[in-house]
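Reviewing the structure listed below.
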Amino acid sequence: MSEDGHASSSPGPSQGDSKLSIYLVNGVGTVWEAQTAAILHCTYGISGLRAGTLPGVSQQNVFLGLPVTLTKEETAWCVINGIAQLVPLHSDLPDPSLSDISSNTQHRIDRIQSYLLRQSQDSARKASIAREAYEKGGEKARLKREARAKAKAEKERDTNRRPAEASSSQQISPTDPPKMQSHSKSNPIYPHEVPSHPLFPDLTFAKPITRLPHRLFPFPLTARDRALLDTFKALHDRGYRIGLGPRFGGEYLVYPGDYLRYHAHFTTQVLVRDECIRPMELVAWGRLGTGTKKAGLLCCWDDERGDEEEREADEREQRAKALVKLEGRDEQEEDQHEAGPLEYQVEFYSLEWANFG
């Protein structure tokens with residue numbers, strides 16, 4: 001990543017030929033490993049949306065954690081460029097049996113009771129140490145007072161016999177502070193690696209997905225899907241970060257760099273081919289940009305297919321090919337019959353309204 005927050009736009013795996021793992025849960029690409037999330041964020045400019053939070057207090061979390069959820073465009077971009085592979089996970093996990101529930105409940109109860117027992121033992125030990133220290137301190141103070149009185153009496157009686165030597169002979173050695181008993185912890189804190197999903201093969205039910213569209217991830221399938229993906233690719237190739245935009249009335253929020261360093265500069269509207277724009281839509285988009293303090297960005301996508309009849313025929317052909325892929329054709333066969341990439345063009349227009357933009 002450069003110093004201004006822009007990520008490298010060169011696609012490809014990060015380490016040799018190995019691919020990152022994106023886990024597909026209910027059709028949503030998720031990242032569960034911190035190293036994978038860091039590589040996507042720093043090297044490829046894919047930040048995603050962190051969704052990890054504490055149950056019940058989600059509103060009290062400022063910085064969320066793993067897992068990182070990716071949009072369809074981010075997931076497809078990573079897979080198409082050979083950066084990552086999709087690992088399907090079961091969306092309908094079986095319910096635990098009664099024996100599993102009872103054993104886990106008993107284990108949790110035992111763990112809580114063990115913790116309470118250790119806590120009570122620690123409290124009793126600390127109270128005992130404090131009591132002993134207090135009693136020892138009181139005994140030492142009494143002995144010190146007696147020694148001081150005895151030394152004074154000796155000094156008054158033998159005034160003429162080496163007072164300095166007599167006083168030094170009766171000097172009381174300084175008391176030692178009470179020593180705290182140290183006890184070793186049974187479970188020391190140390191860094192350890194948290195296992196991820198690949199260690200549980202029963203969670204996966206299919207081979208990793210390396211070609212798109214797929215029956216488990218049907219994107220991009222339609223012309224609008226391709227328009228969204230191509231718009232994402234064009235903006236990403238220009239060094240922008242792309243976030244979700246429905247909150248601000250658009251398809252994407254376009255950032256000039258890292259989410260944590262910059263505010264979004266644009267809110268986008270994606271137009272497919274020669275889609276008509278009504279004058280009221282221009283007015284609404286302009287006012288929307290003024291209200292959100294973001295310039296409106298019109299993204300006009302066209303695949304240069306010719307007249308309307310040819311476009312419809314090509315659309316039907318692409319749908320038929322996609323449906324064949326979705327019906328479960330073997331991946332090796334898909335690789336042999338893969339069609340070349342479609343030519344596309346995305347033009348961008350910044351909409352200015354009320355001296356903003």
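Numbers here mean position along the shown chain, with the first residue as 1.
Using the three backbone atoms N, Cα and C, a Cβ is placed for every residue, glycine included.
Source: prediction; values computed, not measured.
What TrEMBL records for this protein:
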type: ACT_SITE; residues: Y255; note: active site
type: ACT_SITE; residues: H263; note: active site
type: ACT_SITE; residues: K294; note: active site
type: COMPBIAS; residues: 132-164; note: compositional bias 'Basic and acidic residues'
type: COMPBIAS; residues: 313-329; note: compositional bias 'Basic and acidic residues'
type: DOMAIN; residues: 21-87; note: domain 'TSEN34 N-terminal'
type: DOMAIN; residues: 230-304; note: domain 'tRNA intron endonuclease catalytic'
type: REGION; residues: 128-193; note: region 'Disordered'
type: REGION; residues: 308-341; note: region 'Disordered'
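For H263 (active site), other Cβ atoms within 10 Å of its Cβ number 10. Note on the domain 'tRNA intron endonuclease catalytic' (230-304): its mean pLDDT in the predicted model is 87.
In the three-state DSSP assignment, the secondary structure recorded for Y255 (active site) is strand.
According to DSSP, the domain 'tRNA intron endonuclease catalytic' (230-304) comprises 25 helix, 23 strand, 27 coil. Helix, strand and coil content of the compositional bias 'Basic and acidic residues' (132-164), in residues and according to DSSP, is 28 helix, 0 strand, 5 coil.
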